[in-house]
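Okay, structure first, notes after.
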Amino acid sequence: MKGIHSILIAFSLLALACSLASASDPSPLQDFCVAVKDIKNGVFVNGKFCKDPKLAVAEDFFFSGLNKPGNTANPVGSNVTMVNVDALPGLNTLGISLVRIDYAPNGVNPPHTHPRGSEILLLVQGTLLVGFVTSNTDNRLFTKILNPGDVFVFPFGMIHFQFNIGKTAAVAFAGLSSQNAGVITIANAVFGSNPPINPDVLTKAFQLDKNTVKYLQSRF
């Protein structure tokens, strides 16, 4: 009886492992799956409608322009040029994407999170202060000053930021573990939601007076 009990436990653990494994995205069942917007042209489905592989061309796997600086003439002084599945259809189902980030002096990529991916950032020009904050209840800050050639990783889902502390423009490239990692900029989401979050909620949550909350909402 003891042996049978052990076998039943083993099968239960195996079933649990299989159920957990099935929660992840399935592996691609073909060499590639070039995304198409018009479903009339799609013959395979693997996250998105896909172009018939026989009709794929080299341009489906090509993007040009990351050598060009982004426009940082905006309130935060930074610009993100994204190369995700929407810009490069051949990324579909591959689980990766790339961005170029330009920073004016004192420019910031504000605190944000990627709900569908982790990030690895390489600084190629300038000096950045970067960091991320762990989840509740620790809220521990990991921060570092980066110089050209330095690399920093932002774990999946963590709120993170980059700030140009140098006197010249800065440039970084980042890889993300998703074809479309998404981005939630904290201030924009909280104070610029549509429709606005009830000011009483934000007054209580941020321990601010209502006039300050309404002012912040007007800024976003």
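Cβ from N, Cα, C; glycine included.
Cys50 is paired in TrEMBL with Cys33, the candidate among Cys18, Cys33 named as its disulfide partner. Each residue contributes its Cα atom, and for Cys50 (disulfide bond) and Glu119 (oxalate binding site) these two points are 26 Å apart.
If you draw a 10 Å sphere around the CB of His114 (oxalate binding site), it holds 23 other CB atoms from the protein chains shown.
Cα of Cys33 (disulfide bond) to Cα of Glu119 (oxalate binding site): a span of 23 Å. The binding-site residues in question are His112, Glu119, and the one with the fewest Cβ neighbours inside 10 Å is His112. It is Cys33 that, of the disulfide-bonded residues Cys33, Cys50, has its Cβ surrounded by the most other Cβ atoms within 10 Å. Working note on the binding-site residues Asn109, His160: by count of other C-beta atoms within 10 Å of each C-beta, Asn109 ranks first.
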